[in-house]
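**Q** These came from TrEMBL, pasted as-is:
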BINDING   265, 299, 300, 301, 302, 399  pyridoxal 5'-phosphate binding site
BINDING   302, 338, 342, 371, 399  substrate binding site
DOMAIN    59-305  domain 'Orn/DAP/Arg decarboxylase 2 N-terminal'
MOD_RES   85  N6-(pyridoxal phosphate)lysine
Ligand code: LLP
C-alpha cells in the first residue's frame, strides 16, 4: 500500500529567506514578525483565533493584472474567468469582479456565489461534467455567457431544458485532447482516460448536431488539460493546436465558432517549481490559436488566488516521538487537505520575529485529526515551536478553504481579507452550535438524557 505520508524530496527545501523573497505580499518585520502587505499576521491571529485563512486583496489584483497584461501584450483579445472552485469567498470574488474578472463555475452554489459577489452573468462560464437540469435552467435564466458541454448526453439535455423554458443556450464544446499535462494524476484532466470533455474524434459531428438542435447556439470550443502545470508548455501547445485544427475544420464546414476557451491550469511555485510564466502561456495561445483571430478566454484559479492566501495555525503542543519531533497544530487535514490528498508541499513560516531567526531542526507538522494522513509535512526544518506559537501555511489561497470539511466535527475556519493596512473578517469561524444546528433528531429516538 502507498504511504499516506507526504512525499520526500531529493532537493533541499527552500529556507525562510528564500520563501519570503519569492512572495512580495509577505515580509518579515523586525518587531511585528510576518506581515501580509501592511498587516502583522500575529494581530489577525490574536483577534480572530486560529485556524484562519487570510487573503491579500493587493495580491489578487496584482496577479489578475499581470495575467491580463500578458494576454494583452501578446496581442490577444482575451477575457479572464476566475475558477471559483479555487476560492469562492465572496470578498475574494468581489475584489476580482472589481478588476473586471468573470467567473468559471461548476455548480449552482458557485454560480450563486459569483452573482452574489457582483460578477455579471454575462461574464460567467458554467463548466463541469455533471450539470443537473436545475443547474442548466438556473444558468440560462441568469443569462450566463456560456455553458461548456462535456458530452453528447449533456448537449441533448441542455437542448431540452433550454427549449422547455424558451431560452437559447450559448454552448461551447469541451474537447478532451488526450494530451499529458504532466501533473499529479488526481488533477490531470486532458487524457482520454479522464472523465472530462468530448473525445476529439467525436467533436466535429457533435458540434454539427448542436447547430441543428433547438435551444442551442454553438459558440465555440473549450479545453482544460489539468491543474498545477509546471513542466513547460508542451501540453498546452498540443491541446491548443488540436483546438485550432478542429475550429478551422468547423469554420470550413460553415459552422459558427465565435470564441475559444483555453481553460486554466497554470502552476505556481509552492516549493522550488519553475512554472511557465503568463507571458509563455499567452505566447503559446497566440502561436496556436492566434491565426484564427477569435477572442479567447482563460479560466485560471490557482495562479491568481494561490499565492494570495495563507492559513494561520497555532501550535497545540510539541510531542517527542521515538526518533521524531511532532509539532501538533490546531489546523488539520479538514482545513487544508492538499498535503494529504496530493502530497502537496506548502511553505510553513513562524509568525513571531524571533522564531524566524531561531535555530532549526527537523519536525513533522501534523494536525489533531485521527488519521496518519493528517500530516502536513515530514522532517521540515523548523525552530522550536512551543504551545501557542503561530505559523502560516503559504500559498493556501487556492483549493484551501474551498476544499475544507468539518471532519472530526471541527468547525470551518474563519476567513479574513487584508487590503493594504486594513483587514476584516469576511467569514466568521463556524460556531459549534452552527455545526450541530441543521441536524434533525427523529422523534421516535426520544429526548435523550
Ligand atoms: N477550468 C476547469 C474546467 C477546471 O476543471 C479547473 C480546475 C480550472 C479551470 C482551474 O484550474 P487552475 O487554474 O486552478 O489550475 N484541488 C486541486 C486542483 C483541482 C483543479 C480542478 N479543476 C488542488 O488542490 O491542487
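Glycine is treated like the rest: Cβ placed from N, Cα and C.
Tell me about the surroundings of these features in the structure.
**A** Taking the Cβ of residue 301 (pyridoxal 5'-phosphate binding site) as reference, residues of its chain lying under 8 Å away and at least six apart in sequence are, in sequence order, 82, 83, 84, 85, 86, 87, 104, 227, 264, 398, 399.
For the recorded site, residue 342 (substrate binding site), the DSSP three-state label reads helix. If you draw a 10 Å sphere around the CB of residue 342 (substrate binding site), it holds 18 other CB atoms from the protein chains shown.
Averaged over the domain 'Orn/DAP/Arg decarboxylase 2 N-terminal' (59-305), the predicted model has a pLDDT of 95.
The number of other CB atoms found within 10 A of the CB of residue 85 (N6-(pyridoxal phosphate)lysine), across every protein chain shown, is 23.
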**Q** Sorry to bug you, but what's the C-alpha spacing from residue 302 (pyridoxal 5'-phosphate binding site) to residue 342 (substrate binding site), rounded to the closest Å?
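**A** Taking the Cα atoms only, residue 342 (substrate binding site) lies 15 Å from residue 302 (pyridoxal 5'-phosphate binding site).
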**Q** When you measure from each Cβ to the nearest atom of ligand 1, which of the binding-site residues 299, 300, 301, 302, 371 fall under 6 angstroms?
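**A** Cβ under 6 Å from ligand 1: 299, 300, 301, 302.
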**Q** Provide the number of Cβ atoms within 10 Å of the Cβ of residue 399 (pyridoxal 5'-phosphate binding site), excluding the reference atom itself.
**A** 27
**Q** Measuring Cα to Cα, how many angstrom lie between residue 338 (substrate binding site) and residue 302 (pyridoxal 5'-phosphate binding site)?
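**A** Given the Cα positions, residue 338 (substrate binding site) is 13 Å from residue 302 (pyridoxal 5'-phosphate binding site).
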**Q** Can you list, in sequence order, the residues of the same chain other than 265, 299, 300, 301, 302, 399 whose CB lies within 8 Å of the CB centroid of the pyridoxal 5'-phosphate site?
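**A** Apart from the listed residues, the neighbours are 83, 85, 86, 227, 264, 266, 303, 304, 305, 398.
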**Q** Could you measure between residue 300 (pyridoxal 5'-phosphate binding site) and residue 371 (substrate binding site) for me? Cα positions, answer in whole angstrom.
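**A** About 32 Å separates the two Cα atoms.
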**Q** Using the residues the record lists for substrate (302, 338, 342, 371, 399), what whole-number Å value is the largest Cα to Cα distance?
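**A** So the binding residues stretch over 27 Å, Cα to Cα.
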